[in-house]
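Asks: Quick one: the structure is below, questions incoming.
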């Protein structure tokens, strides 16, 4: 319609609204402009094709274990008013989520009430008192589900069971087990873990708290000698913990024996802080306000000699120091063993949070429309835009492969032997860092992909960013952990050279063969080939390990110390650690993929795997920087990313459905977001 006609129609509408007679020509013009229909919500399931593969089978692969137990603990939370059920969308759906509008103290007390309810329902039964890998895997599965509900809940439980409880179990002996394990499992004792200090976090060896043995009284005197020695960020300390593990420098007759772990009571049965112990709150945080992080000072408190956790080392009544491990470095590493389980838990929990964010963002992208190709066309679904696919679907591929890596790490941990300690430390360090970093990237992209709705706390993704930011630094700063990975690989390289033996373990066996050869021209079929993908990742890893070793050797030849040489080579160290981790994740997923019979699920796994590899290449400059791929081949990789996104899009809904996260633990945004925001729904 021309401008004059539009103006005439507008005047006609005004006249019609005033009930005045409308001249026939104007009425005819107005009829051409009928009211446009409002947007209406259509569930993604109504428009998408039926799944090409059984989502239950993909869930079994991604969750890996204890699916029934996971569903049970989800129901335990859904059925209790303590978990803040909220009806949205005309009352047709109920969602559960903590009330983040509550103040710090209210959130903390809500966390404790939820823990008491879970304990009463038997969720924690056997977590410390029943032996076996199956019990440990069940414990990990349940904690992952609790973390999907609330990070504070998972961390509060994790500190109590996985740090305090694991320290008692694995660093203590029968006298400690008899006294504290059952009491810990029943929550009669509430434990915390006092390792980190104001002045020392990652550098545990440098902590300044001192435990001096008094042979006459047969007691240890624990003291905070300076402000930088105050125990800091101690989860559970500010309000609730009755006992703590205190990591201190052990002094006997003026000699330091290094860092050891002691049990100390910090509150009485009525919750009063004991004499000569001072506790202060760490204050309000950007997230995790349901955890009462506190600071602790010890003013020459006395604990019995028996409170030294003595599985690794002991002090006899006369003050003689004895240990089953002669080497001080190995002994120190043994004292840090409880942290390994913490890192395993953090890594797998971050994967599940990424799954929640992606399930919400993908469902929203399959129901939210914006813009149209022509004025007369309907608006397009967000996930029909190639750019939106490029934003979300590579993240979907990554989280699936990282699920496999998390399962591998858990199963390795629960079947651990002393000989596996080094490998478990390396894998848990690499995967904790990589998976938690990826979680933050995923949450940010999902938040943006949901527009302004992603900012609302009730839609979860935005608040998750603040709640899970801490994962990058607690239980080991990610950058430090990745440096440890490179140092460990360097040590493996030197040991193999010195002994003139082939590499064994950590997936490094590929170093024993010839250099892989990468084709000059990469076609789509080559790019999707698992052989090409592994060859490329192995080529990068072996070359970076060689370069890293040569650079360190050059610094050593210039007279620098080993530590200084490693420090100066940090750029290659970062690239090497990333290469090791990405090759590990791919190798683990390929092993899972091989166990899946031919069919639709296997085809989708190939898409997920190939997209993971292609986007990792596209995002990493190392393939161009070190010459593993030409510019033309990198361009081919980038084009392949777009093709893979387009092919994966029809499966996106089925993939997020396979995550096994109940609707109640997603958010209103994942379902009828129009009804959830309707005036009749009210303000939340």
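Cβ coordinates are placed from backbone N, Cα and C, and glycine is handled just like the others.
The following feature annotations were taken from TrEMBL:
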ACT_SITE  475  active site, proton acceptor
BINDING   196, 235  FAD binding site
DOMAIN    192-300  domain 'Acyl-CoA oxidase/dehydrogenase middle'
DOMAIN    339-489  domain 'Acyl-CoA oxidase C-alpha1'
DOMAIN    534-666  domain 'Acyl-CoA oxidase C-terminal'
Asks: Residue 235 (FAD binding site) to residue 475 (active site, proton acceptor): how many Å between their Cα atoms?
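Replies: Just about 12 Å between their Cα atoms.
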Asks: Please count the residues of the domain 'Acyl-CoA oxidase/dehydrogenase middle' (192-300) that DSSP assigns to helix (H, G, I), strand (E, B) and coil.
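Replies: Output for the domain 'Acyl-CoA oxidase/dehydrogenase middle' (192-300) reads 6 helix, 53 strand, 50 coil.
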Asks: Return only the integer: C-alpha distance in Å from the residue listed as 'active site, proton acceptor' to residue 196 (FAD binding site).
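Replies: The Cα atom of the residue listed as 'active site, proton acceptor' is 9 Å away from the Cα atom of residue 196 (FAD binding site).
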Asks: Using Cβ atoms only, which residues of the same chain lie under 8 Å from residue 196 (FAD binding site) while being at least 6 residues apart in sequence?
Replies: 231, 232, 233, 234
